[in-house]
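Participant: The following feature annotations were taken from TrEMBL:
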ACT_SITE  A:C82  active site, nucleophile
ACT_SITE  A:H180  active site
ACT_SITE  A:E182  active site
DOMAIN    A:9-196  domain 'Glutamine amidotransferase'
Amino acid sequence: MNKKTLKLVIIDYGAGNIKSIQFALKRLGVEALLSNKPTEILTADKIIFPGVGEASSAMNMLKKKGLDLLLPQLKQPVLGICLGMQLLCNHTEEGNTKGLGVFDVSIKRFSNQVKVPQMGWNTITNLKSKLFNGISENEYMYLVHSYYAENCKDAIALTQYSLVYASALQKNNFYGVQFHPEKSSLAGEKILKNFIEL
Amino acid sequence: MLTKRIIPCLDIKNGRTVKGVNFIDLKDAGDPVALAKLYAENGADELVFLDISATVEGRKTIFELVLQVAEQINIPFTVGGGITSIDDVAKLLKCGADKVSLNSSVIKRPDLINELAAKFGSQCIVVAIDAKLIDGQWMVHLAGGRIPTKWNLFHWAKEAENRGAGEILFTSMNNDGTKKGFANNALKKLSEELNIPIIASGGAGNPQHFIDAFQKGKADAALAASVFHFGEIDILDLKKELKKNNIEVRL
C-alpha cells in the first residue's frame, strides 16, 4: 500500500499516549490522522485503537463518543494496542468492565506472586500472524500492564509472566497487541510496518 | 522471561545533560536528544530525564525536549523533576513521555499519587525516593538530598505503593557519585516488601555493581548516569556481562 495515500486513523478518545504512536508511524513515513469522528474512522484504510490507563473510565470515554457501537462493526484492519486490545475483549476484571466482545476472551489481573504491573521487556513466542512477518520467535517487546488476556483460540502470540497468556490476538480484521510496538525498538517498528502493509 | 532493565539517566539543566557528583559539582555531558538516540541504539531498555534545576528554578524548556525525544527514539522514557500537579503530568504525557517520576511534590502532598494513579493509571507513575542512611535508619530527603524528612525509606515506599505508585526509583544518597556500588541491602528489603518494580540508583562504577544490584539487591532495573555518559561502561558490553552471569537481559 502506498504510504503517502494511506489513510490511517488513530482513534483519539482521551485515553493514552497517542503522540508516541503518531511519531513511530511518522518514522515509517506515514502521517496518521487523530480523530474520534465516525465519518473519518469509517473511511480510513487502517485504524489504530490505542489505550493507556484504567479500563472502566476508558470505556466510558469511548461510550461518550458513541465509538463503542462503531468499533466492532469496522471492516478494515484494526490494531488495538495495550488497553485498546483489552477493551476489544469480552470483559475485564479492571473496574468489572464489559468489553466490546470482538475477541472471545476475558481479561484477568496478574496474581501477587509476581510484581504488578509487569513492566519491561519480555519475549513473544508461538507467533501466528502476518503481523509478525520477519519477527523471530522470542523477540523482545516492551510491556506495561497489570491485567492480561488468557490464552485462547484467538491468540497469535504468547508471553510468560507467572503464567502463559495471550500477548497478541487476531480475529478476522481485528488485531490486538498487549505490548507497545511503538516503544519496542526496531522489532516493534517492524510490526507497525507489517500492519501498515496488511 | 521478563528481563532486567538498564536505564541511563540524563540529568537536564537548561536543555543540556549534566551529571553531578553527589549532586553538587555539575559537568556538561552533551546534547540530550543525541545522547538519548545513541543509548536507544546501543541497547538501553529505557531512559530517564531528570530536570534537576526544576525544584529550584524554572522548567519550561522540558516540554519541547520531551517532544523531540518522543519524535526520535523508539524505547520508553520517564520524565521527572519539579512535577507538582495533574496538569504538569497531563502535559508531559501529551508530549510523548511514557512515565513521570515524582519526588518532593508527593512527599508534600501524598494524595497527589492517588489522584495521578486514578487519572492516568499506576503504570505511568514512578515515585522517586532519595534516602540517606543516618544512625542505621534510611531517611528520605528532598531537594537533591538537602532537606531531611520524617519519612523512613521503607515506610514511605510502602505508602507510595498503597496510594498507587507503579514503580519506585530509589537513590541512595550515601552511594550516589561514589562509584562503589548500589545500596544492595536496602534494595533487597524494598524489593521484598513491595510488589511493584524497584529501580536501583546511585553508586554504579563497574559491571559487577550491576550484577550485585540484580542478584543481591533483587532490583528490577538499574539506573546510572556518568558511567554511561563518559563512556566508562558500554551498555551492550554490560548486558553481555549480565547475560554471562545468568541475568536475563534483552540483547
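The backbone N, Cα and C atoms fix where each Cβ goes, and this holds for glycine too.
Note that TrEMBL annotation is computational and uncurated.
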Participant: Residues with Cβ closer than 8 Å to the Cβ of A:E182 (active site), same chain and 6+ apart in sequence?
Facilitator: A:S20, A:I21, A:F23, A:A24, A:L25, A:I81, A:G188, A:L192
Participant: So, three-state DSSP: helix, strand or coil for A:H180 (active site)?
Facilitator: coil
Participant: What number of additional C-beta atoms lies within 10 angstroms of the C-beta atom of A:C82 (active site, nucleophile)?
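Facilitator: Taking all protein chains shown, A:C82 (active site, nucleophile) has 27 Cβ neighbours within 10 Å.
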Participant: What does the structure give for the C-alpha distance between A:H180 (active site) and A:C82 (active site, nucleophile)? Integer Å is fine.
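Facilitator: Cα to Cα, A:H180 (active site) and A:C82 (active site, nucleophile) are separated by 7 Å.
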Participant: Helix, strand or coil for A:C82 (active site, nucleophile)? Use DSSP.
Facilitator: coil
